[in-house]
Amino acid sequence: MDVFKQMSFKELMKVLGLGTVAFVLGVEWLNWLTRRLRDSRGPLKEVLFFPSPQVCVEHLFTSHRSFPCACPFPHGIQTSFSRLLEHLLSARTSLEMCIFSFSNMEMSRAILLLHKRGVVVRVVTDRDYMTITGSQIGALRKAGISVRHEMSSAVHMHHKFALVDGRKLISGSLNWTLTAVQSNKENVIITEEPELVRPFQQEFLKLWEASDPANLKLQSKNGQIKK
């Protein structure tokens, strides 16, 4: 402290300035090192297989909840389904989904939570399956989420993929249903590899535009939909 007392104001400001610069450079160096370490591992690549055992996932939705909660399911266990929910809930700006069948309540809860957080959610789904018993598409629409569906009754929108923040792809055989998650032999791949993400971005945008009612005309003579 005596050293600082003996310094002039100008000298003290110089020392403080150098300290600030050193701090900023240190933070930048740490950020650079973090990026290098991440880049050395390459883009995210993860594979999930189903069926997945039923465990408690409440902690993914409520950060302040005390555990164990009152539900009868095992706690503190990571499964393919909990990992899938974690990836979905990692969205910060956008979530784009092409989903054939969507009736899983926990996945619907995750999407609604993202919407509540301000994440822009867009959904393209199948014309027929969006109205089957248990479908969560109606709940998404009721919450104000933008949903479009395949216009033609002759084909199905059979994709099952999602894009998180435009950089993370979630894709596989898994329908977003309870049966698929808990009973079926299914697979999901999660990746941030740009060469794989980009084509799915293009496919989503193509289907989103093709499913826009404003771009379609209904031919009354034969009941077919024509652009």
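Note: Cβ is positioned from N, Cα and C throughout, glycine not excepted.
So that you can see what the record holds, here are the features copied from Swiss-Prot:
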type	residues	note
TOPO_DOM	1-14	topological domain 'Mitochondrial intermembrane'
TRANSMEM	15-33	transmembrane segment
TOPO_DOM	34-227	topological domain 'Cytoplasmic'
DOMAIN	153-180	domain 'PLD phosphodiesterase'
ACT_SITE	His158	active site
ACT_SITE	Lys160	active site
ACT_SITE	Asp165	active site
Asp165 (active site) sits from His158 (active site) (Cα to Cα, rounded, in Å) at a distance of 22
Among the active-site residues His158, Lys160, the one whose Cβ has the most other Cβ atoms within 10 Å is Lys160
When pLDDT is averaged across the topological domain 'Cytoplasmic' (34-227), the result is 91
Listed in sequence order, the residues of the same chain lying six or more positions from Asp165 (active site) whose CB sits under 8 Å from its CB are Ser90, Ala91, Arg92, Thr93, Ser94, Leu95
Grouping DSSP H, G, I as helix and E, B as strand, the residues of the domain 'PLD phosphodiesterase' (153-180) number 3 helix, 11 strand, 14 coil
